[in-house]
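Note sheet for the following structure.
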Amino acid sequence: MRNTMNLTNLLAPWLDCPELADITVQSLELDSRQVKQGDTFVAIVGHVVDGRQYIEKAIEQGANAVIAQSCQQYPSGLVRYQQNVVIVYLEKLDEKLSQLAGRLYQHPEMSLIGVTGTNGKTTITQLIAQWLELAGQKAAVMGTTGNGFLNALQPAANTTGNAVEIQKTLADLQQQGAKATALEVSSHGLVQGRVKALQFAAGVFTNLSRDHLDYHGTMEAYAKAKMTLFTEHQCQHAIINLDDEVGAQWFQELQQGVGVSLFPQDASVKALWASSVAYAESGITIEFDGCFGQGRLHAPLIGEFNATNLLLALATLLALGVDKQALLDSAASLRPVLGRMELFQVNSKAKVVVDYAHTPDALEKALQALRVHCTGHLWAIFGCGGDRDKGKRPMMAEIAERLADHVVLTDDNPRSEDPTMIVQDMLAGLTRADSAVVEHDRFSALQYALDNAQADDIILLAGKGHEDYQVLKHQTVHYSDRESAQQLLGISS
């Protein structure tokens, strides 16, 4: 049963409006196009759009009331009517949105785990949810690959949805029996206060490397945004990757910190660390030690960074009191995440690994991880997104040339930019222009690699991962790296 509240009570922490008590709020909506009869429209000044421009449209759609961000003309506390629909103004509404939505949808009584960092968020949230399910606790995720239970994810437009969507989704998940939800928390989401009112049982920091500089401007601003999960949000435990330079620095400053490392730490440090790690085609075997005692686990995942991801997920669940033996016994049943170092293979052809790596750091880690498993030549196929940080294009090409034996440059959501110009930016990072082949069509790029690779080669198809679209200048078309790999290898999906 969906919660309802009268408008007076909803606004009570900020405004005294007894005259609004007869207006029932049953659902909040930020997008005027999505307003249905009886919804309450919330008009905030967003990063790109000013929602107040769409008040009239929302009323025409059937909004029963409007809560709008105040301005000089309409100060906070003002109540006015338009076409017999009440509009009430509230200052800094964009900052209050998470709390406002939380009051209506009731802060869900479940364990919330927030995961932030440049890379690894999706894998860690899904490992946490998988592991909890294996331990007998119903768990959900919210993030890049969708929201909900792992066997029934609903598509998500952004890594971290808007503040209203988050509260609404959490209330729905709780109603469906979720005892815990692991959320990917993006830097955009933190800066814009989308998770401001959530109480996190644990926060996890994965790593920090170049990304989203088109939004944040500098690495310092980007790091500061990530740090707020632990300093400005309610976060009981902070699980920090000590092998990341920024993480090691933050760990010194956070009282609630639990460190995680692939290298032995001093016994006085509150941390979980690997005493030995073994990589094989069947997966990763880790022996660990530290503040949660000793243990050994095996999981069918590939690569050094997945050893870190496993330990971060393990430390989080141990900090939350999940039984250690239950976690170690079930680790072998964990599964790779869709489009994250996902292996496609058949006899007598090169292996294809599909991964979401679309930053310099992620590409470097993916290639280094595969080199350990590769007995033949290593191939890298990737592109760079249009209308995004141009500085990373030559960096990614330099990494591919250095770490792979063969490089194929292709398109990856060129958006409004000319794909040939994006490739030119990438080529600038190469020491030799002839060390890369250019094939703009991703399917053809993979076909070229498979035609020229030997059976013991590994082909990394990087950048899109779980995505099933390609964003062009005037349209978005269906395209999937996973489907391309299955089709070209003759694997039935």
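Even glycines carry a Cβ here, placed using N, Cα and C.
What Swiss-Prot annotates here:
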BINDING   Gly117, Thr118, Asn119, Gly120, Lys121, Thr122, Thr123  ATP binding site
MOD_RES   Lys226  N6-carboxylysine
BINDING   Arg388, Asp412, Asn413, Pro414, Arg415, Gly463, Glu467  meso-2,6-diaminopimelate binding site
MOTIF     412-415  motif 'Meso-diaminopimelate recognition motif'
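With respect to their backbone Cα atoms, Asn413 (meso-2,6-diaminopimelate binding site) and Thr123 (ATP binding site) stand 22 Å from each other.
A simple Cβ count within 10 Å picks out one of the binding-site residues Asp412, Glu467 as the most packed, and that one is Asp412. Checking Cα-Cα distances from Gly117 (ATP binding site) against the recorded positions (Lys226, Arg388, Asp412, Pro414, Arg415, Gly463) with a 10 Å cut-off leaves Lys226, in sequence order. Other Cβ atoms within 10 Å of the Cβ of Asn413 (meso-2,6-diaminopimelate binding site) number 22 in total over all chains. Residue pair Pro414 (meso-2,6-diaminopimelate binding site) / Thr118 (ATP binding site) shows a Cα separation of 21 Å. Annotation for Gly463 (meso-2,6-diaminopimelate binding site): spatial neighbours Tyr356, Ala357, His358, Phe382, Gly383, Cys384, Asp412, Asp481, criterion Cβ-Cβ under 8 Å with sequence separation of six or more. For the binding site of meso-2,6-diaminopimelate, formed by Arg388, Asp412, Asn413, Pro414, Arg415, Gly463, Glu467 according to the record, the largest Cα to Cα distance is 17 Å, rounded to a whole number. Using a 10 Å Cα-Cα cut-off around Asn119 (ATP binding site), the binding-site residues Arg388, Arg415, Glu467 reduce to an empty set. If you measure from the Cα atom of Lys226 (N6-carboxylysine) to that of Thr118 (ATP binding site), you get 9 Å. There are 24 other Cβ atoms within 10 Å of the Cβ belonging to the residue listed as 'N6-carboxylysine'. Among the binding-site residues listed (Arg388, Arg415, Glu467), Arg388 has its Cα nearest to the Cα of Thr118 (ATP binding site).
When the binding-site residues Lys121, Arg388, Arg415 are compared by the number of other C-beta atoms lying within 10 angstroms of their own C-beta, Arg415 comes out lowest.
What surrounds the meso-2,6-diaminopimelate site, by Cβ distance within 8 Å of the Cβ centroid and not counting Arg388, Asp412, Asn413, Pro414, Arg415, Gly463, Glu467, is the set His358, Gly383, Cys384, Gly385, Gly386, Asp411, Lys464, Gln470, Val471 from the same chain. There are 24 other Cβ atoms within 10 Å of the Cβ belonging to Thr123 (ATP binding site). Following the DSSP three-state reduction, the secondary structure of the residue listed as 'N6-carboxylysine' is helix.
The two recorded residues, Thr123 (ATP binding site) and Glu467 (meso-2,6-diaminopimelate binding site), have Cα atoms 15 Å apart.
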